[in-house]
Ligand SMILES: O=c1ccn([C@@H]2O[C@H](COP(=O)(O)OP(=O)(O)O[C@H]3O[C@H](CO)[C@@H](O)[C@H](O)[C@H]3O)[C@@H](O)[C@H]2O)c(=O)[nH]1
Ligand SMILES: [Mn+2]
């Protein structure tokens, strides 16, 4: 497919972001941390157990910084040149696009529709694309919305292509008013499109909550008497691209699928849905590449598929070894931006080692790799080696691995050998697709060990490590403007629950077969292993929690926590440098000081709530007391969230967004640690002030606590500021009385314990 002449310009380049200054800063912080540890060791005998506790916590922080420094040492990313694709590649490969959704209430169908429309309209030959929506909610409303969307797509896709529209998710596009133009045809088209989109929204809205249309249409019969955990497989070809003429030929295939669910079967949440998508798409279109996005993550860059293809189709040996191309996850409603900044530095760092970690959305996978191939199984030209041919293509092993469907096995063989599927009408494949959606289809097969990997709710990290362990590399592309944009849950319970799931899933990976801690002869690079280990570092919640309480304990107990005299300079420089460094990281990406502060605060809150409770989840799972579930994150549309027009770019800190960033509380256990930390530190500061008044010796002379510890408490109060505000607010922004009383009780115990010692 790709032209082999080497004189042409490359499709893709690796850009190194190595910076000696940043390396020096990272190393200086590391040296300061180790000096602090050394100081603690030297003065261990003169101090009490608190000194030892502080030493242990700081050892953990230093170890983490060491890992972070290793990961960020040689950052890189790939830069694609999609404009060169046409002269180099005459026949673009097909791409199957997967959109999983699970809950029509938490994931309103109009959001899913927008994501689907943005994918159907990308700049890529329509007959090379197919979009599959998997619905774990088995919702007739979602199916209805997709049917309506496919009709709208027939005018929307040609409109986008004709006027080279940049943002192809209609809700986003129509947030901006029509710009004054001389082109009256465009104005007319624009107005017509907007009218049609409003009509589509109204139809979906009217259908919500009103189910009589369900009975009227035979097409919805399959949805009657179903429940999300008790239903038969449903496969519906919403739109089939048969070539033909006119605008309709521009709309790619659109298929709705919902797998069988029965109460006593494990369904593996999103991971199970992804494997079903993999099988159905294998049967129907069998594209060699697959894009996977979450249902809220619309394509914000029409060239995104072409960008990914630049990596896969470049003519180097390495491109045969690239298993997936990952784009960052960006958000249209993020007011904290902490994930964006984290991704920017850490993802680029990992990208410079063996390749970025798969993050569940915005990723192009290679089908062959998902079917279980290792990088060793390929010859230099990309064909299967003879050993791999024996291992993968024997009839016996095919059925054992991929299940009993003959059609599926045939398609797997085709995919492994890079042969395209014989063209068949999708409608004729519905029965075979239904077969591979049965609850028991995966029974006694390798699904879950191949495809997307089971045994962790963070299926992305789990699947990713499986791929890197088999020797594959991956590629990171981070275009500007962002390739995909989605929704983040509001700060408060929703965000905390989401981080708790991520953390729990990450720890699950630690105990899996693919654990980065075991198997030292596997084909993964050492620093890549560290990168996975860093993902699992949510275990650091315990030292973080302890460290937030230490200054208060020392003030109450009148014991020293920090070094005295000139050596206090180590801590001061360390904190100062770290603050300036992280602030710089935010500002260089265009974010404000306030956004930096909110993020620092949020990370501490997540560490002492989400990550802490994830440890509890894991312990309960190991004891067999409870199972770990997947609570779908709530998705919001800008209109419903703000009722105000906002622009797609990130990093805006307008008043509106910060107002939205207000912390929300509820009576769940998640807010007890934060409230407790806040109360304890306030109590310690109050005690300190009383002490100051009583004695003239304000610096806590001798070996006791003093101003340094008080500053420690003030920093903690600042980091947990939303809780201080929550003490005085009402409604969802106030801390509920039940949480407050539990935290107050714990605070009294803590104070009595500290003072009494
Ligand atoms: O039983 C389920 C649960 C979820 N989903 C879908 O999975 C996607 C991700 O779910 P979401 O609630 O948005 O999770 P996030 O925490 O926002 O997602 C991140 O984290 C997940 C792992 O915890 C990854 O799977 C995601 O890709 C990644 O974006 C959504 O499209 C859901 O509809 C299903 O299809 N079936
Ligand atoms: Mn999400």
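Keep in mind that glycine also has a Cβ here, set from the backbone N, Cα and C atoms.
As annotated in TrEMBL, transmembrane segment covers the listed stretch 531-556 rather than the other ranges in 479-504, 505-530, 531-556. Cross-referencing 50-71, 72-93 with TrEMBL places the feature transmembrane segment at 50-71.
TrEMBL tags one of the stretches 20-38, 96-114 as transmembrane segment, and that stretch is 20-38. Cβ atoms under 8 Å from those of the transmembrane segment (20-38) belong to residues 55, 58-59, 61-62, 65-66, 68-69, 72-73, 563, 570-571, 573-574, 577-578, 581 of the same chain, restricted to positions at least 6 beyond its ends. Contact annotation for recorded positions (107, 136, 270, 294, 460) versus ligand 2: 294, each with CB under 6 Å from a ligand atom. Under 8 Å from some Cβ of the transmembrane segment (50-71) lie the Cβ atoms of residues 23, 26-27, 29-30, 33-34, 36-37, 40-41, 43-44, 346, 349-350, 353, 527, 530-531, 533-534, 537, 540, 543-544, 546-547, 550, 553-554, 557, 559-561, all in the same chain and six or more residues away from its ends. Cα spacing between residue 294 (Mn(2+) binding site) and residue 107 (UDP-alpha-D-glucose binding site): 10 Å, rounded to the nearest whole number. The transmembrane segment (671-690) makes contact with the transmembrane segment (733-755), as judged by at least three Cβ pairs under 8 Å among residues 6 or more apart in sequence. Within 10 Å of the C-beta atom of residue 107 (UDP-alpha-D-glucose binding site) sit 26 other C-beta atoms, taking all shown protein chains into account. Comparing residue 460 (active site) with residue 136 (active site), their Cα atoms are 18 Å apart once rounded. The two recorded residues, residue 107 (UDP-alpha-D-glucose binding site) and residue 136 (active site), show a Cα separation of 11 Å.
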